[in-house]
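S.K.: Here you go, one structure.
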Amino acid sequence: MLVEIKAQLKAHCEVMTALQGELSPAIESAVSLVVDAYKAGNKLLVMGNGGSAADAQHFVAEMVGRFKLERRALPAIALHTDTSILTAIGNDYGFDRIFSRQVEAHAAAGDVVVGISTSGNSPNVQLALELAREKGCRTIALLGKDGGSIKSVAELPLIVPSNDTPRIQEGHITIIHIICDLVERELFVKGK
């Protein structure tokens, strides 16, 4: 068992090393997109399925609540948290449209729409990102594996270089924490 524990920790460290190297410029670009949107009075909309939904909700909680700094709330919406909306849209339009209908309702040009998908192939996330771009939103996708079909529709795909879902999710939450930290610093420390 100890060998497996060490192997998993080694795999985690390899993902973190990749984030530090090849993904750092893309993370910086994501921070800039979010900061610019907030400075312009826009909002953040975030979505995912399963574990990615948990990450999306975590991201939104840090923006609306706070990450590290005592500051004003930042507008952000997790698109998977209202069960009545999800079940109504899912029943009437199909599961693939549960996020795109909400983007249609809530997103405005200049908003940042973030899709999270470990496989990069979640149809409901892809449809929502496509509609968001049509509406003039900025789009970020946190992906894994080879980025799947979503990498070609997101303005800024951040692909965690792993085929192992837990490692991809660890990469995603690390990216989310970095974005939250730097957005707060840019808006409430440097921006003063």
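Any Cβ shown, glycine's included, is placed from N, Cα and C.
Pulled these from Swiss-Prot:
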BINDING   Asn49, Gly50, Gly51, Glu62, Asn91, Asp92, Ser117, Thr118, Ser119, Ser122, Gln169  substrate binding site
BINDING   His58, Glu62, Gln169, His177  Zn(2+) binding site
DOMAIN    34-192  domain 'SIS'
S.K.: Determine the most Cβ-crowded residue among the binding-site residues Asn49, Asn91, Ser117, Ser119, Gln169, using a 10 Å radius around each Cβ and all protein chains in the structure.
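M.R.: Of the binding-site residues Asn49, Asn91, Ser117, Ser119, Gln169, the highest Cβ count within 10 Å belongs to Ser117.
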S.K.: I'd like the number of other C-beta atoms within 10 A of the C-beta of His177 (Zn(2+) binding site), please.
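M.R.: A 10 Å sphere around the Cβ of His177 (Zn(2+) binding site) contains 15 other Cβ atoms.
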S.K.: If I take the alpha carbons of Ser117 (substrate binding site) and Glu62 (Zn(2+) binding site), what is the distance between them in whole Å?
M.R.: 19
S.K.: For a quick check of understanding: given the listed substrate-binding residues Asn49, Gly50, Gly51, Glu62, Asn91, Asp92, Ser117, Thr118, Ser119, Ser122, Gln169, what is the maximum Cα-Cα distance in angstrom, as an integer?
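M.R.: Output for substrate binders Asn49, Gly50, Gly51, Glu62, Asn91, Asp92, Ser117, Thr118, Ser119, Ser122, Gln169: max Cα distance 32 Å.
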S.K.: How big is the gap, in Å, between the Cα of Gln169 (substrate binding site) and that of His177 (Zn(2+) binding site), rounded to a whole number?
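M.R.: Between the Cα atoms of Gln169 (substrate binding site) and His177 (Zn(2+) binding site), the distance comes to 12 Å.
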S.K.: With Cβ-Cβ distance below 8 Å and at least 6 positions apart along the chain, what are the contacts of His58 (Zn(2+) binding site)? List them in sequence order.
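M.R.: Expected: Ile173, Ile176.
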S.K.: For Asn49 (substrate binding site), what is the secondary structure by DSSP, using just helix, strand and coil?
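M.R.: It is coil.
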S.K.: Which of the binding-site residues Asn49, Gly51, Asn91, Ser119 has its Cα closest in space to the Cα of His177 (Zn(2+) binding site)?
M.R.: Gly51
S.K.: Can you name the residues of this chain that are 6 or more positions from Glu62 (Zn(2+) binding site) yet have a C-beta less than 8 Å from its C-beta?
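M.R.: Long-range Cβ contacts: Ile176, His177, Cys180.
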